[in-house]
Amino acid sequence: MDENSLLNLARKYETPLYVYDTEKIISQYTKFVSAFSKVKKLKINYAVKALSNINILKVFNNLKSGLDTVSIQEVKLGLLAGFNPKDIIYTPNCVSLKEIEDVAKLGVQINIDNLSILELFGQKHPKTPVCIRINPHIMAGGNSKISVGHIDSKFGISIHQIPHIKRVIQNTGMHINGIHMHTGSDILDIDTFLRAAEILFNVTKEFKNIDFIDFGSGFKVPYKEGDISTNIEELGKKLSLRFNQFCKEYGKDITLMFEPGKYLVSDAGHFLTKVNVVKQTTSTVFAGIDSGFNHLIRPMLYDSYHHIKNISNPTGRERFYSVVGYICETDTFAINRRINEISEDDILAFSNAGAYCFSMASNYNSRYKPAEVMIYKGKDFLIRKRETINDILNNQEEHII
Ligand SMILES: *Cc1c(COP(=O)(O)O)cnc(C)c1O
């Protein structure tokens, strides 16, 4: 997406606006699949929570992708988008047995990540095959809030608890059909991944009739210059070789699964905002925009970096700005960032705004959520209208007070 087409979209739909380029999503998906072309049975399940607009889900359905879901609501969205329940895996954490049972009734693959629910579910539904989420205790690095495979994590059943799992299976007669891990959103290197894979292979050998091994996600994409990104081709080459060898050892063509979110949609997203105020204080020049952490919380939540470009003045002289939002508390997108000279009413474009941006947006400060536009086959489609005051009042019950 070049600056001019983004500027035109900002004019046409106004700001704040999320724009998603489906061509980029398709090329990332294709790259991922190609990296594992040597594996006989491969299944990619797009992680819905990264970006869950129903039109984006339909794009993945057209690609023959499956879905990775973490709530019954995501499952329902997937079904409404046209997915076959068999192509959806449900990987919740700390949800009720009732929700898991409701999802199982929809025909979706259940993935259980704790022993107590595994036992309760197995007792009541011994005929429903279940995948188990294993915690391989690999510290994958990155921000501690998004690494979930370490020993103290709330996710998964510890590899040290395999004997407990086997006892539950014996007592309930339930069938384990898949082994899963998701070591968090920041796997830095391929060797770490391969190490975790060996752990999963060993776990798989403990069970008789496994249909799939799901290696989760955690694949990195660059957010700023010099960032490491997962070399998916190299991972594909190395893991495929080892996976095929493992299938031989196991005596069965197991399905190899992944569930990337960020890798597939991050770079496809652009967030367009307008500069309301340029404010010079004694030490800083602030660019205050028509948005805030209610629309894009990652910088405030994870200290994430998003590249910000002044697409209204792309060749202007670079100066230092702190880009801040309009929320009434600390609301900072960037501190002392070099950006082409900013004037009021300029349009600033945030990169990597596809994953965990709109999907984490809220109505804090009673602000409207941004509109969303999708570029599909060269055309722009409004896929979420701008909100109105009725959206803020929706579900509020007004009483005579
Ligand atoms: C969030 C999540 C993913 C996707 O992670 P990314 O880093 O966006 O690729 C995959 N699987 C599970 C279980 C998740 O919770």
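The backbone N, Cα and C atoms fix where each Cβ goes, glycine too.
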Per TrEMBL, member of Tyr321, Tyr356 binding substrate alongside Arg298, Tyr302, Glu329 = Tyr356
Entry from the recorded positions list Lys49, Arg298 having the most other CB atoms no farther than 10 A | Arg298
Rounded inter-Cα distance in Å - Gly218 (pyridoxal 5'-phosphate binding site), Arg298 (substrate binding site) = 16
By the DSSP assignment reduced to helix, strand and coil, which category contains Cys328 (active site, proton donor)?
-> coil
Just jot down the residues in the same chain as Cys328 (active site, proton donor), at least 6 apart in sequence, with C-beta under 8 A of its C-beta; none if empty.
-> Asn365
Cα distance, Tyr356 (pyridoxal 5'-phosphate binding site) to Glu329 (substrate binding site), nearest Å?
-> 21
For Lys49 (N6-(pyridoxal phosphate)lysine) and Arg298 (substrate binding site), determine the Cα separation and express it in whole Å.
-> 14
For Glu329 (substrate binding site), what is the tally of other C-beta atoms lying within 10 angstroms of its C-beta?
-> 10
